[in-house]
Structures are given as structure tokens and as C-alpha cells.
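What follows is a short report on a single structure.
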Amino acid sequence: MSLAFCGNENNSLAYNVDRGVLNNGCFLDALNVVPHIFLLFITFPILFIGWGSQSSKVHIHHSTWLHFPGHNLRWLLTFILLFVLVCEIAEGIVSDGFTQSLHLHLYMPAGLAFMAGITSIIYYHNIETSNFPKLLLALLFYWVLAFLMKTIKFAKYTEHSVGLRQLRYCITGLLALLYGLLLAVEINVILGRRYLCFTEATEVKPPEDLQDLGVRFLQPFVNLLSKATYWWMNTFITAAHCRPIDLKVIGKLPIAMRALTNYLKLRKAFESQRRPLGSMPQGPKWIWRALRQAFGRPLIISITFRFLADLLGFAGPLCISGIVHHISKDNRTIQPPIKLLGVYFISSQEFLANAYVLAVLLFFALILQRTFLQASYYVAIETGINLRGAIQTKIYNKIMRLCTSNMSMGELTVGQICNLVAIDTNQLMWFFFLCPNLWAMPVQIIVGVILLYYLLGISALIGATVIAVLAPVQYFVATKLSQAQKSTLEYSSERLKKTNELLRGIKLLKLYAWEHIFCHSVEETRDKELTSLQTFALYTSISIFMNAAIPIAAVLTTFVVHVHISEEADLSPAVAFASLSLFHILVTPLFLLSSVVRSTVKALVSAQKLSEFFSSDEIGDEQEPNATMPTGPSNHKTIPSCPRNHNNKYQAVVSTQLSHNQWESVFDICFDQYGTPTLSNINSKVPFGQLTMIVGQVGCGKSSLLLAALGEMQRVSGTVTWNILPSLDSERDDSCFHCVYLGRKRGSVAYASQKPWLLNATLVENITFEMPMIKPRYKAVIEACSLQPDIDILPQGDLTEIGERGIILSGGQRQRIGVARALYQQTNVVLLDDPFSALDIHLSDHLMQEGICKLLREEKRTVVLVTHKLQYLPHADWIIAMKDGTIQTEGTLKDIQNSDPKLFEQWKTLMHRQDGEFEKETVAESMTVLERKNLRRAMYSKEAAKTEEEHEEESVESEVDDSLSQAMRHRTTIPWRSCGVYLSSAGLLLPLLLLSQLFKHTLMVAIDYWLAHWTSHVITAKMDATGRNCTVAQECGFSHSWYLSVFSVLCCLGIVLCLVTSVAVEWTGLRVAKELHHNLLSKIILAPMRLFETTPLGNILNRFSSDTNTIDQHIPATLECLSRSTLLCVSALGVISYVTPVFLIALVPLAIACYFIQKYFRVASRDLQQLEDSTQLPLLSHFSETVEGLTTIRAFRYESRFRQRLLEYTDANNIASLFLTAANRWLEVRMEYVGACVVLIAAVASISNSLYNHLSTGLVGLGLTYALMVSNYLNWMVRNLADMEVQLGSVKRINGLLKTEPENYEGLMAASQVPDGWPRQGEIQIQNLSVRYDTTLKPVLKQVNAHISPGQKVGICGRTGSGKSSFSLAFFRMVDMFEGRIIIDDIDIAKLPLQTLRSRFSIILQDPILFSGTIRFNLDPEMKATDDMLWEALEIAQLKPVVKTLPGGLDAMVTEGGENFSQGQRQLFCLARAFVRKSSILIMDEATASIDMATESILQKVVMTAFADRTVVTIAHRVHTILNADLVIVMKRGIILEYDRPQALLEKEDSVFAAFVKADK
């Protein structure tokens, strides 16, 4: 066939110009080439020379990006232009197919126009990024020329009566319009930027975000193409392969997406709903209204995109129908086209009847549909993330104003608030994600049903009814599923609570041999959880089954009805496969329906919860009273405190002024059941710049008084006023006058709470607490609090991270850090709430002397100190003695001695002092005993662990996820080993799972193949019928029944297999979950104490919480999704390759593209997922931290600093989420485009194959249907692979813990060989004993020999690290006894089984540990003792009256950690517990360290009387506690220094013990 621009037929009218050049069609086309040639010639040199020479210009940093006016409109119009030009090319080719020679003029100009269109947008983009608007002149000329040429052509067509019936006429008109619009956009740029025809050009700066190089999230700023395809993410995702993604890499959020911006938007929406009187409306409705107002607009855009995507989704089935219909036409004769102007014209009908045209249109429709769908997802998710940030900020601002009484009264718990942040804000976010579905689903269903009806008639409605009937069932299953999930959550939180208690009290449990009781309790809860998980698994499998089975059932019903309804049923491949695709489309919205409805319900509940929280009580204006003059009798006194401003001109004064009024209170020491006020009739003063002490028994309201001064109490009446005095030397009476008049807002107050509150930060940050670092001051504070030795032990010194997620510190260390913070601050008022409670005598004295008496007094700061240590009373300038919530007496020590000699005498005996003088040397080196040793031990063990790790790669993998500062993550391939561990735990269920999946997918292909076979036969039968003149095919002997019966059998088998696979997957998951948790718990409970000392508790807890949850609920679903999408893709590609083998050639480049896309995506996705999780942790812990330290934060007036930190954490979390979203969209867009290419190639190949090789039409339909499926499932496959990889990390971490070596519980003797009452006498012989904590560490006891007679009271004392505690632990074989032995009542304890040995002794530890449960359970978990025995034990411990008053007596509940009892009472409970055991040996490990002297003397009395006939070994904290012992052992560095009666040792002059006693005086 010859080639010529206008064709070369002899009778050609193409070259006829008799009626004028412009009346020749070919010339008109030639004329249209001119503008395109002009543009290509002008722009190519500029593009290649200008940008080629500095190619980096194309990758300019985004700070120079400017969008010219009409930017998005230009891109949009260009896209439409390119699409219309493709149609013009196609139309030219199709209309040229009817002539003998090729007419280039029909499609060549359009081809050039297409090139020019692409060039124009590239040229524009480059000019825009380099901000050089004058070069746009070339485009201006181009648009003018193109518009003119197209208009001339259009006018000539109209003149020659070419009308709307001809497609080329429509295309030309459309092109003229588009060029005109683009010309208008260009003129708009001139008017906007004034670069032409104006004297001065407009100066324009890039957006503020882009001037900040830290902003790397460019989605809002890039051009339309980059926005739609996430092109800007390319460099980001490929770079992730070389270096891990961290917060530095992802940079900052653009201003519009920051939490603060969105919070202000939300607040504005809330404010606009204020009622006229200024009150805020209540209830969830106002929250919804505000959300709609603040975030409604982007949601509408998302819904619009979704509508467009869903409508385009129907192009697939329609194009398949058209293509198959076109191929199966028997006579392919088409009406010859009309010839006008010497060229051929075709109608749009003829154009769309071409199979190749339909294939290309299908390709474009798919590309567009996927782009719109991803855009809809992105906008919805971005809106959801912005909304979450705004609500979290709003919650935080509310927390800052919360009344602490709500917390302590149990109305709001830390847990509830954290749930609001972690769960409820996410529920609202998810609702916004799924919101577009809510609107799009009805439209999708209606359009789908209409199209089905058009294809199949009435039978389609019956099929659709099947789907519709099963939809409520699905909804029912979904609600059951959420109920099951709820009950699972309840059980799992109960299990976690128990596991947490078990881990926190593991030392006690091991020492008492109770680990199995608690382990059994956890297992019981786990069994309940598993039963609930079984229900969850059952409903999940039903849900999976229904999603797979509904389309099969619907198709089966439809075809059965369709065949039976009419004799002449049209069951051609075109109809069958189009309806098959439509059914697949219809199932999606119905499958989503359940989750969307569930999400909506959850969002409604969350909004309700949030509205309740937002309306909870806020702190009143107690600290900002109105200026009032004191009236009535002037019996009020003031609490003056010192200058708030740093010059001494002013004094801040606190006056607590209440005459016979009551304060209803708020703290841990709260109401009894009758709601009596905690404080009443308080009238008090504090001298300015001096030390005031508040003393009194446990629970008398000392802490409450401090809180009242800080305005943290619920006040019934009276006032607390902080005041400013004009000068230091003014009269006291004046000051009182001013104090009430000038009282306004109090300044910052340094406050150290009773329960030390630490930040998750470094030690130095905890002490400086946002203040600038002043080295000398910092050193002085560290010295005063004796923190230097502790800092020296820490791995990174004072830069070590402490707090919840850091190194676990002991109570004393935490307390000293809290006090150090208060000392370091330069506020004028310092409130210290019981700072000595967890410190030993030396530390307390040192802190008192150096910190309070020296540091604070020198600075003339007003100090209010609550304490139990009465020996410090002589230091006080003013003493307030409290009793039962009122002030018993106040004054100086002398005043009280005169006014209340009885009280003074009582104090004197408790002080163990004869006079008020304080003469002693402070022993700076001496230390809280357990603390540093435990720390040092933990550090050593960590070092030891590190050296081991280098040899064991596997342990590296398990440890690395939890290290405090991860330097680098393991960036390996998919963790196949963990996958192996997971699947091997499934046992026999694994082969069932694999086989059922394979069979199911084989059967699915078989069903569709049979349909292709059947429909092809229908067509051949029809052709035979026309050939043999039968009216219907049935008369010629064709019957549907045989095909239908086989089809029905296959479908029913398919449905059964769907059920089998769904059950198999879930049951496998359950089996693995059960197995792994059981193994983990068994390993942990038997692990040596070293594991708990070297691994942060949080890490072990995470294995039981998040990791177990992942294995329980997430991995099975991901596994099912992954296997299904993978097998679907494989089977689809197999079918296409079978239908058109040519496809295999094209498959190679597509497969390579997919491989690289998934390879890069998986690494980036894993990093971003980990980053999202790791940024969520600080955010949530900042919330819980704030709630716990609310009083301290408000005392320091640091609210704004903490708010700022919250905004940083929220933005960090949100940017990680946004990048993850963009990465997911990046993947999906690319995979969808690959899928679209698969469809195009499969369509073109099968059409050609059918036209030239007579491939059966049924198989063409089959191939195309499967090709459409590939595009749906490709990205699911990669997404699930990435998810699976992240989730298998949980298995890897748990597997790491499963490798722990357990303690040796077996002994040489069997438990039955141990005499029943052993040890009866309690005689202890220690022979040559050496002990170490680990084989890698030095011994802590060296060749110790001792003999303790039955019933002796032995005291052991010594400095920190002398080996006292190791001595006590050796009795329980908690440490490695590598030399020597301990013989108790003639039995070597090394021979006994551990369980038996530990169950025969009693121990009281320094930290009192109580478990949640009844008092009975706490005293006797083994349930062996009678009630009488328990009451006797309580009486001995002086707790009987306390327990008697509790509701339920022995069955009264103890809250977690025993928080509803004071520290002293908890210690007494531990004493009672030891007494219940009735063992003849009791060991007291610093049991009196953290209790007041009164409780301590009770304890000592009890030990002397109740344990008179038992052997008691006391490790002494305060040396005076062992003065009455029968024998004293003084230790130093693991050896016994002195060993004798205390009297004998005191008589020796050079005795170390005597020196200790002297120091303790």
C-alpha cells in the first residue's frame, strides 16, 4: 500500500483545488501542521540548550517554585487536549482503513499536535520552576496560531455541511474550544504577572513553606501531574533504600497541615457555635457541626473524586462487552464512510464499534479511574489526619485546665484520657477516611444494577437480590465481629493488667514461689480471651467466606434464571463476561458497607465520649481571686512566700484564709465514704524566706494543704491568695492588708510531689526542666541530692534517658531527681512534699543539710516541707502540726514545747534524740542500698548482654527493636525465618491451609473457563441455527442444561471451598496465637531475675501487648489477604497467557517494573510504618505524662511549654502518617498503571488473535475479565506483603525472648523427700559462700562463713554495695552460688527444688508490693490460711482496725499497686503476709526504709514479739533498728568485717558498727 500525505488514488479529489485552497480537506489539515512545527522548532533549542547546559536546573530546590496564575486549569486543559488528540489520531486511522492508499493527513497533524501538546506543558513547567515568564511568549503565539487554524477548519467543515453526525467535526470543534481556553489562560498570566505590555512586572515570592528548606512534604505545592502520580515521592522512596527514613529525612509539615493551624480552624468552628450568652452548646451534635465547618470542604472534593472514579469503573464491563460483541459479529461489514471535501468521515457509532478503539478507551478509563480513586483516598486521609491533630490539641488544652479532683475521684483515669487520644481521635479519623464510601456506595449499586438489567433483563435483578439479601447478613456478622473484638479487648486488657502486675512483682513472686499461681491466673484470662478470639475468628471466617461466595452465588442464580426464563436467552460471551465483571464491582460496596456502618457507629460513640470529656470540670479561678478587703474578725493568718520577681522589692504571699470554713478535697488521701472534707478550718501563715515544716501522721492532709495552696483542690469555702508585698521590711499587719488586696495570679512555684514525677527525657533535662543550664548551680544541686555516684553508674552519665521508656530507676533515685528539679529552679517558693520518704538516713541528712538548709536558705527562698522525719524539726523556722485534716498546732519548736508539751514529748521519743541540736558529719559516700547496686548490676548485665549479641545475630535482631536509641535498623529482605517460626507453630493445620487455597483458586479458574466454553458454544450454535434455518438454536439440538449442570456443580464446590479456606486461615492463626503466648509466658515466668534487671519492663510488656495483639488479630487477616491476592494475580496472568501466549513477551518488562516498584516501596513503607508507630509513642506518653504530672506542670506554670511540645509530637506523628499515605498512593498509582497496561496489552493481543487466528470469543472475554482483575489485586499483593513484613517483626521479637534460658528449678532431692515442716528450728550455717549475679560478673560475696542459731535475731549492715542484699538473695538461690553452701536445718539448700526451697521462707522487701484483688488474696494467694489466721496476722501488723472499717473486711478490694493504702500501711500488709506464711525464717530486706518512724516502731515491736520464736535476718537501713538484735554482721565489699553481739561491738572503740550508730544519731 503506497504512502502519500493526501493519498494517491487516481480519482483523487484530495489534490483538487478548483474551488479554492481552503475548500480542500487535505490542505486544511496541512495548514494545521504549521503551529505545531513552529512550537517544536522554537522550544526544543530553549529546552535543550537552556536547561541541558545546567540540567540541575530541572531539579531546582523547591524554594524557587512559583505557580503562575491559572496553573491547575492549564494542566487540566492540557490533559483534556491530549486525550482529544489521541481520539483524533484514532479517528483518522479508523477512517483511513476504508481506502486503498494511506492518507497521512488524517492523523499526522494530530500526531504532531500531540507532540506539541506534550512539549508545551514540559516547556511551561521548566519556565515556571525557573521563574522566567518572558519565555512564555512562544506559547502565546502557539495558542493564537493553533486556535486560528482550528477555527478556520471548523468553519470550513460547517460551510460544507459536515455536521454533528460526523465525529471529526465534533473533535475539531472541541479542539478549537480547548485552544481558545488555553489562549485565555496565557493572557491571564500576562495580566497577573505583567511581564508584557506593562512597565513593571509583578514581584512574586514563593509560599512561606517553600522558603523553609525543612519542608519536604511537597504534595500541596507540586503541579497537577506530580500531584496525581506522586512523582515528587520518587526520589524520596528510592533514597530510602540507601539510608533509613527518620524524622530528619521527612522534615517539617507545611503550615496548613500543622496541628496548630488545624486546631485554630477547629476552635473557630467551635466558637462560632457559642450561644448569645457565651455558653458553649453541649452534646456530640456541636462536635459534628464544628468538624463539618472546619473540615467539610476537602471531604466534598474527596467525595466528588470518588463519584468520578466509580462511574469510570463501569467502563471496564462495558468495554469488555463491546470488544467481545465486535469480535463475535458474523458479518464484519460496516457502512462505507461518507466522503466530503475529498476525505472520508465516520460517525461516532462506527468509531466506537472498533474493538481496538474500545481497548484504548478502556486503558484511558482505567488510568483515569485509578487516578481519581487514589486522589479521593489521599484527600480523605489527609483531612482525617489534620482532624486528628486538631482534636488531640483540643484534648490537650482541656487536660491543662482539668480539675485534678476528677482524676483522684476516679471520674477520669489516665487510661480513659489516653484512650480518648489513642482510640477515639483515631475513630473519628477513620470515619473521615471512609466517609466518601458512604456517599459513593449507593450510586455505585444503583448504576451497577441498571447496567445488569440492560444486559440480562429480569434475571439480573434476581441476582442482585441475592447480593442485597445477603448484605444484612454481612452487617449482622460485622456487628457480631465488633462485639467479639470488644470482649476480646476487655479480656486482653485484663490479661495485660495481670501480666503487668506479675512482671512488676516478679521478684516477690519468685521469692515466695508464687509465680505459678499468678501464671495460672494469667493463663485463665488468656483462655477467656482465646474463647472470645475463637468467636472473633469464626465471624471473621464467615465474613471472608461471604465476600468470596456472594459473587459466585449471585452469578450462578442469575445464569440459571436467565437460561430458564426464555428460550431465546442471549448468553453470548459479551453478556456473560460483562455481567461477571459487574457482579465483581457490585460486591465491593456491599463488602465495604459493613465496615463503613461499623466505623460510623464507632465515630458516633467517640464523639459522645469527647463531648462528655470537653464538658468535664475545669480548674476554677482559685489562684486568681477578686481583690477583696478582709472583713469580720481578723483571725486569719497568711502564708507569705518570697519574691516572685527576682528583685527583692516584692514579696509573693500565699494567704490561706478560712474562718470555720471547709475545703472539700481532691488528692489521693481523699474522701471516706461519707464524703467528709479532707481539710477544714485551716488558718495558717508561713514566714517569708524561711523554712516551714508540715508534720503529722499518715493521711492527715499534709499533701492536701500544699495542693490547696497551689489551687488544685475543690474549694468549698474560704480563699487562697498569693500576694505581692511592697517591701521586705513592711509591717506584718500591713502585709496582711496588702496580701488580700493585691493578690492576683501566682507565679511559678518549684514543687516536688510525693510520688516523684519524671519526664521521658535525659536525667539532665529532668533536673533543669526547661531552664537554661547554669553549670555551677547544676553541680551544687547534684551534690546536694547526692546524685553524682548514680550518674557515674549510668551508661551515658546524666545524658541517659530515664522515665517510663528509659532506664528503670529506683524510688529513691526518682525522688532525689524530683527534689533536684525543685532546687534547680530559681523560683521564690519551693514546696517539697515528703522528699525523704524513699531515702536512707545518710542521704536524708545530706539533702537536709546541703540542699534545704544551705542552698535554699542562702537564696532566701520560702520553703514549705512536708515530712515524717521529725529529727529535722529543730531546723524549722515554723512548724505546722496537722491531725485529721485540721491544724493541730503551729509555731516554732519552742512555742509548741510550751503550748503542747505532750505532743513535744511524743515527737522527742520518735526522734530518738535528747535535744534539738543537729551535730553530725554527713556521710556523703553512703547511699541508698539497693538503688545503685541494682543500677550497676543492670548496667553490667547490659554490657555483658552486648558482648554476647555480637556473636549471636539472632539475638541482635530481637534486641535491636527495643534499644533506647536505635542507630540503624536491620534493613533486610522479608524475614523468612520469622515466617517459618509462625507457620511451624500451626502444626497440622498448615498443609490443610495450603491445599485448600490452591484447590479454591483452581476451581475459580475452572468456573470461569467453563463459562467461556459454554458461551462460545452458544454463539457457534446460533451460527449453525442461522445456517440450517432453525428459528432458535434449541431446535437444532443445542441444550443449555448440560452446560448449566456442570456450571452449578463447579459453583457449589467453589462455595464449599471458600468456606474451608476461610476457616482454615483463621483456625491456623488461632492455633499459632495460643502456642506462642503460652510458650512466651512459660519462658518469662521461669526466666532468671537477670532478664528483668537488664531488660526494661516496658519491652517485655510490649511482647505481651502489641506483639501478641498483632499475632492474635492482624497476621491471620493479612496472611489471608496476601495469599488470596497473590493466587488471584498468578491465576489471572496464567489465564491471559493461555489465551494469548504473546502476552508473555510483554509480561517480562511489566514484571521487572513491578519487582522494582515493590522492592523500593517495601523498604520505604516499613521505615515509615515504624516511624509512625515510634512517633505515636512519645505523643501518647506525653499525654499520660502530662496527666500524671499535671499538678507539677501547673505549679511551675509550664503549661505553654508543654503545649508547644505536644504540637511538635503531634506534627511529627502526622507527617509520618502523611508520608506513609503518600507512599501507599505512590505504590497504588504505579501498580494500577501497570495493571492498566496489562489490560491494554491483553486486549490488543486477544483482539488480534481472535481476528486473525480465530480465537474463540468466550476465551477473549475470559482473558479480558481476568486482566481487569490483575489491576485490582496487584497493589493489594504488594501492600499486604509490606504489612506482613512489618507484622512478622512481632513474631521475631517474641522468638527472641523464647530463647531465654530458664532458672534451674529441679533439685537433687524430689519435693517429696523434703521433710514436711522444714525448716523447723531455723538454724542457718553458711560455709565458704561465694556469690555472683552472672557468670560474666565479679563475685559480690567472697567466701562468707556464718552460723545463726535457731530463733536468733540477726542484723546485717554495711555501706552500699557491701553485699547485704546479695546475702539475703542467696538464701533463695536468686543469685549464682558458685562456691560454698548454705545449710539450713541440716539440708543443703542447693539440693532442693527451687519451688520447695522458696516456699518455706518469708521475706519482706524494701518496696512494699501489693496486687490488685482482695486483701485475703494479697495475704495468702495459695488460699491455705483460715480467716482466723489472717485476722491474727492483721492484728499483729496493727492493721485490724483499718481492715475492719473497709466494706467487705478481708474481701475488701486492693487497687493496682495498693494505691488505696498509704506507703506505711502497704509495708505493714507485707509484714502480715510474711507472718501468715508461718515459716521459721524471716528475712527483712530494708523493710523500714520508706515508712515514717511511728510505723517503723510498730514494725520493730511486732518483729520482737510475734516473731520471738523465729529466726529473723534484718538488713538494716537505719542502724538503730538492729540495736536490739542478738547478733550483728557488718559487711564490706562482699566479706564479713564484724560479727558479734551489738553491745560487744559498741564497746569496741574502733568498731565500724559503733561508727555507723554514731552517724545515725
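For all residues, glycine too, the Cβ spot is worked out from N, Cα and C.
Per TrEMBL, the feature compositional bias 'Acidic residues' maps to 950-962. According to TrEMBL, the feature domain 'ABC transmembrane type-1' maps to 300-602, 992-1285. Per TrEMBL, the feature domain 'ABC transporter' maps to 661-909, 1324-1558. The feature region 'Disordered' is assigned by TrEMBL to 942-962. Per TrEMBL, transmembrane segment is recorded for 33-52, 73-94, 106-124, 166-185, 344-368, 430-454, 536-565, 571-593, 974-995, 1001-1021, 1042-1065, 1233-1252 (among others).
Long-range contacts of the transmembrane segment (166-185) within the same chain: residues 70, 73-74, 77-78, 80-81, 84-85, 87-88, 91, 95, 113, 140, 143-144, 146-147, 150-151, 153-154, 157-158, 338, 340, 345-348, 351, each at least 6 residues beyond the stretch ends and with a Cβ under 8 Å from a Cβ of the stretch. Each of 300-602, 992-1285, 1324-1558 was scored by its Cβ pairs under 8 Å to the domain 'ABC transporter' (661-909), and the highest score goes to 992-1285. The stretches the transmembrane segment (536-565) and the transmembrane segment (33-52) do not meet in space: the count of Cβ pairs below 8 angstroms, excluding pairs fewer than 6 apart in sequence, stays at fewer than three. Taking pairs at least six residues apart, the transmembrane segment (106-124) and the transmembrane segment (73-94) share three or more Cβ pairs below 8 Å and count as touching. Averaged across the domain 'ABC transporter' (661-909), pLDDT in this predicted model comes to 76.
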